[in-house]
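> Annotations per Swiss-Prot:
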- Lys26, 72-73, 99-100, Lys103, His105, 124-132: 5-phospho-alpha-D-ribose 1-diphosphate binding site (BINDING)
- Phe34, Phe35, Thr128, Arg156: orotate binding site (BINDING)
Amino acid sequence: MKAYQREFIEFALNKQVLKFGEFTLKSGRISPYFFNAGLFNTGLDLAKLGRFYAAALMDCGVEFDLLFGPAYKGIPIATTTAVALAEHHERDVPYCFNRKEAKTHGEGGNLVGSPLQGRVMLVDDVITAGTAIRESMEIINAQGATLAGVMISLDRQERGRGEISAIQEVERDYHCKVIAIVTLNDVIRYLEDKPEMAEHLVAVRQYREQYGVTL
């Protein structure tokens, strides 16, 4: 695990974005951890979050021309990541996001920011069912752009109803790479170095045994 990944986990824990305990998910599964990126909700939080996304993007090796943030959670992520790439990596990358409702006056349309073109890196918080990705693909294709990859904060590495995860479905269906700042395996490695969190480590390992994808 790289230093920025460990720092991201600590950042998420400090902000209670990542919590351990017993949580009922929408799927009905009882999870020993919960991740809520909506709690990154201050200016300093967003500045730090952008730096983690930028570090992971520079680390992943996927070439891209533009950041796209799907409404609504992807909008601040795309914005802060673009700022971090410019300030910390000398990469001045254009960004774009969509409106849920098309505007009928002014500039009109449902896209805001730079023209949606070239190789697009879609940035979002997590992928649960892949619905937002599918909706975004319709927008990207309509503009004649191509999806270079998808960047998220956490990959739960968890099966859906079938044998693969929503992330693996996205990679299969759209022939792109999904990059995460951290994965569940990274969280487990972090817990392995924290003897005081041993009970959480046992619970997370058991959950992975039951619901984890085959990598």
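All positions are counted from 1 along the displayed chain.
In case you wondered, yes, glycine gets a Cβ from its N, Cα and C as well.
If you look at the structure here, what lies around each of the features I listed?
Classification of Thr131 (5-phospho-alpha-D-ribose 1-diphosphate binding site) by DSSP places it within a helix. Within 10 Å of the C-beta atom of Thr131 (5-phospho-alpha-D-ribose 1-diphosphate binding site) sit 10 other C-beta atoms, taking all shown protein chains into account.
When secondary structure is read from DSSP and collapsed to three states, Phe35 (orotate binding site) falls in the strand class.
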> List the other residues in this chain whose Cβ sits within 8 Å of the Cβ centroid of the orotate site residues Phe34, Phe35, Thr128, Arg156, in sequence order.
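Surrounding the site, in chain order, are Leu25, Ser31, Tyr33, Asn36, Val126, Leu154.
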> Would you mind pulling the longest C-alpha to C-alpha span across Phe34, Phe35, Thr128, Arg156, which the record has binding orotate, in angstrom?
13
> Taking the Cβ of Lys73 (5-phospho-alpha-D-ribose 1-diphosphate binding site) as the reference point, list residues of the same chain whose Cβ is under 8 angstroms away and which are at least six residues distant in sequence.
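The answer is Ala37, Gly38, Asp124, Asp125.
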